[in-house]
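Enquirer: Residues or ranges marked as active site, proton acceptor by Swiss-Prot on the basis of similarity to another entry: Y220. The feature NADP(+) binding site is assigned by Swiss-Prot to 16-40, with similarity to another entry given as support. Positions annotated as substrate binding site by Swiss-Prot, on the basis of similarity to another entry: S164.
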Amino acid sequence: MAEETPRYAVVTGANRGIGFEICRQLASEGIRVVLTSRDENRGLEAVETLKKELEISDQSLLFHQLDVADPASITSLAEFVKTQFGKLDILVNNAGIGGIITDAEALRAGAGKEGFKWDEIITETYELTEECIKINYYGPKRMCEAFIPLLKLSDSPRIVNVSSSMGQLKNVLNEWAKGILSDAENLTEERIDQVINQLLNDFKEGTVKEKNWAKFMSAYVVSKASLNGYTRVLAKKHPEFRVNAVCPGFVKTDMNFKTGVLSVEEGASSPVRLALLPHQETPSGCFFSRKQVSEF
């Protein structure tokens, strides 16, 4: 019997947490995975850990350094994948940041308790907002743009954008921004840029609170709402692809100081499912809350 054609995946932000676990689950299914991270030493350590644990070869799991905020770094990775594999089947955009400074002790003490006020334990600034948008929105967008030519060579191209239920439109309180992002028919990359630029402008002018962008974590909410919107735009532009955004649930990770309720194994299983579902059974242009299609 002829050996099955190998399938290739790239996972961003993968040296720990959900990204690391996505790599483990994909590699366990025989997918050849490129694990990427900003920190080279941590990334190489992560690859060695998985190779030992899964008893897989150097060909099955590779490392490449990647900073999604740096276009040159993305180009370098795309060249590497082209040279190594000649195509790509699965792109998982997992890298992300919170865009805030958190009082970790207050979070651990109060998370999940009644009357807990997020806005009292976090600090948001223009610089943090800019970085959050750059990594959470423009990072995945540039990754998609760089890898679309290689994904087109796959017989079942997948893009899985790891998002958050915080990016659902009900959490975008600014009516103008919500109006643009909820108008799926007319949504374009340019219109998403308009929303982002307005948020940055309001941060610069100190009017974010009065413009009522979100209850808290405005940068994170808008970055993920924008990523969800871009998922719809991309799915429409490439009907032969399967492009979806997914909230993995409230997972115990370093980002939330391990205050989540789900394990990383449970969290990673939702993006992995979307990466591996048979092509005909996979919808496109959807937002999933874990394994269920949910509203944007």
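Backbone N, Cα and C define each Cβ position, glycine as well.
Owing to the predicted nature of the structure, the values given are computational and were not obtained by experimental measurement.
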Enquirer: Give the number of CB atoms, excluding that of R16 (NADP(+) binding site) itself, located within 10 Å of its CB.
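Expert: So the Cβ neighbour count for R16 (NADP(+) binding site) comes to 17.
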Enquirer: Return the residue, from the listed recorded positions F20, Y220, with the maximum count of other C-beta atoms within 10 angstroms of its C-beta.
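Expert: For the recorded positions F20, Y220, the Cβ with the most other Cβ atoms within 10 Å is Y220.
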Enquirer: Is the residue listed as 'substrate binding site' helix, strand or coil when read with DSSP?
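Expert: The residue in question, the residue listed as 'substrate binding site', is coil (DSSP, three-state).
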Enquirer: How long is the line from the C-alpha of T36 (NADP(+) binding site) to the C-alpha of S164 (substrate binding site), rounded to the nearest angstrom?
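Expert: Roughly 21 Å, rounded to the nearest whole number.
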Enquirer: Using DSSP and collapsing to three states, where does R32 (NADP(+) binding site) fall: helix, strand or coil?
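Expert: Its secondary structure by DSSP: strand.
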Enquirer: Within 10 Å of S164 (substrate binding site) (Cα to Cα), which of the binding-site residues F20, S28, E40 do you find?
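Expert: Within 10 Å Cα-Cα: none.
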Enquirer: Say we define neighbours as other CB atoms within 10 Å of the CB. Which of the binding-site residues S28, T36, S164 has the fewest?
Expert: S28
Enquirer: Can you grab the distance from R32 (NADP(+) binding site) over to Y220 (active site, proton acceptor)? Cα atoms, rounded to a whole Å.
Expert: 31
Enquirer: Give me the non-local Cβ neighbours of R24 (NADP(+) binding site): same chain, 6+ apart in sequence, Cβ-Cβ under 8 Å, ordered along the sequence.
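Expert: L50, E53, L54, A268 - these are the non-local Cβ neighbours of R24 (NADP(+) binding site), listed in sequence order.
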Enquirer: Under 8 Å between C-beta atoms and at least six apart in sequence, can you list the same-chain neighbours of E40 (NADP(+) binding site), or say none if there are none?
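Expert: Non-local contacts for E40 (NADP(+) binding site): F63, Q65.
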Enquirer: Whole-number Å only: compute the distance from the Cα of F20 (NADP(+) binding site) to the Cα of Y220 (active site, proton acceptor).
Expert: 22
Enquirer: Just to verify a number: CA distance, Y220 (active site, proton acceptor) to R16 (NADP(+) binding site), in angstrom, no decimals.
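Expert: Here the two Cα atoms lie 20 Å apart.
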